[in-house]
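TrEMBL has this to say about the protein:
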DOMAIN    11-411  domain 'Major facilitator superfamily (MFS) profile'
TRANSMEM  12-30  transmembrane segment
TRANSMEM  50-69  transmembrane segment
TRANSMEM  81-100  transmembrane segment
TRANSMEM  106-124  transmembrane segment
TRANSMEM  136-158  transmembrane segment
TRANSMEM  170-189  transmembrane segment
TRANSMEM  229-248  transmembrane segment
TRANSMEM  260-278  transmembrane segment
TRANSMEM  290-313  transmembrane segment
TRANSMEM  319-341  transmembrane segment
TRANSMEM  353-376  transmembrane segment
TRANSMEM  382-407  transmembrane segment
Amino acid sequence: MQVSASARRAPWLVFFGCCVLSFLGFGVIVNTPGQYFSTLRAVFHVSQSAVALTVTVQMLVGSLMLLVGGKILERYDSRKVLFFCVAVVALSFLACSVVTAFWQFYVIFAVMGAAYAVPVLLAPQALLSNWFEKRLGMVMGIALGLSGLAGALFQPIVVAWMSTLGWRGSYALTAGLFALIALPCTLLLRFAPDKSRGEFAYGHDEEEHTQKATAAGSGVTPRQAFRSWAFAFFVLSMVLLQIASGLVQHVATFEKDMGLAPLAAASVVTGIMIGAAVGKGSIGALLDRFNAVIVVLTYVFFGVAGWLIILFIHVPSLATLGGVLAGIGQGYLLVAIPWMIRQHFGAGHYAQIYARAALVSNVMLALSTGLHGVLYDVTGKSYLLSFSLTLVGYVVATVLGLVAFTYKRTRLS
């Protein structure tokens, strides 16, 4: 079949739009709120926990939004949905720049949490799954890998904005960033190819697609998936791996407790972000080409080795190397598991199936940072129990994820 040039470009335009959403969404919304904490605490005379609670509210509301996010993307024009969501995010940042009382931040961050969940936490995986039959791991890895790069990039950028424009100006500039860059890109993000326009997913082969559809289970309904042992194992794997994600926020404090200078301690966290960019950006392409079990075990080995180095070695250069390795290991959670869910249950209702898994995972992420803080306090200012849970969680999550992926699925009524 002759495919027009515009139809051939369509998957790559969707890929570009997903990259922008991931880059700005994770880089700004997820990774930079902490830069405002000390300033807001001083300006509004509130506690650190009160400021941090704004992020917890945002994440919990965002997680709840994933309950319906998959259905919304499937049922309505994804371009309109994503345009509206990104517009609300931009307006939320603008509202942050004009608050007059601290309680208003809770309202704004709750609204932002509801708005950012679909375009940032769900859309990249769901849309790329529909638009790419081949190289799915590669494009998913690159798009999600940009989040780690953005995390390392936007931290100093936001600090510079606050230094020159103040915290209100920084929020306003962030609003402009989403309005001018992310908002137009949503117009590229159609949910799936339109065959009536001659569009197909990249790498589509009709005969091969027919054969693989049955094997991959593209007809699996969300209800069938949710009642399967494999789905439960995937979700539990994500929950256990979020223990490590929550510990990342405490690494700088841990290293300073171990005697590292503040700058050296911060470099370990930067190493984690850089490693995350490398891990997420590379694991997808390897999953496309090599045995998935071997690829996952390799990245898990890097992750476990990294956390062990951070725990036991407190030489700045080696601790930073440990951070890089720990970050590389995040590729398992953020790329490999979404990829394995897609391969196991098929593309038919991937948006709804993955959204439910991501909901539970993100609730755990919202709680895990506070969990490590509580463990630190009750164990006499020690992170040993947190590191132990992280390492055990990695091992158990690996076993569960690989068992779920390799287990022959049987459809449940």
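Yeah, the Cβs are placed from backbone N, Cα and C, and that goes for glycine too.
The list of residues near the transmembrane segment (382-407) in space but at least 6 beyond its ends in sequence, with Cβ under 8 angstroms from a Cβ of it, reads 229-231, 233-234, 236-238, 240-241, 243-244, 247, 250, 254, 257, 292-293, 296-297, 300, 303-304, 307-308, 310-311, 329, 332-333, 336-337, 340, 343-344, 372, 375-376.
Counting only same-chain residues 6+ beyond the ends of the transmembrane segment (290-313), those with a CB under 8 A from a CB of the stretch are 244, 251, 254-255, 268, 275, 279, 283, 319, 321-332, 336, 339-340, 343, 384, 387, 390-391, 394-395, 398, 401-402, 405-406. Sequence-remote contacts of a segment are chain residues at least 6 beyond its ends whose Cβ falls under 8 Å from one of its Cβ atoms, and for the transmembrane segment (229-248) they are 269, 272, 303, 307, 326, 329-330, 332-333, 337, 340-341, 344-345, 353, 356-358, 360-361, 364-365, 367-372, 383, 386-387, 389-390, 393-394, 396-398, 400-401, 403-405, 407, 409.
Against the transmembrane segment (81-100), the recorded stretches 106-124, 136-158, 170-189, 353-376 differ in Cβ pairs under 8 Å, and the greatest number is found for 170-189. 50-69 is the stretch from 50-69, 136-158, 260-278, 319-341, 353-376 with the greatest number of Cβ pairs below 8 Å to the transmembrane segment (106-124). Long-range contacts of the transmembrane segment (136-158) within its own chain (CB-CB distance under 8 A, at least 6 residues past either end) are made by residues 15, 18-19, 22-28, 30-32, 35-36, 124-125, 128-129, 170, 174, 270, 273-288, 327, 330-331, 334-335, 338-339, 342.
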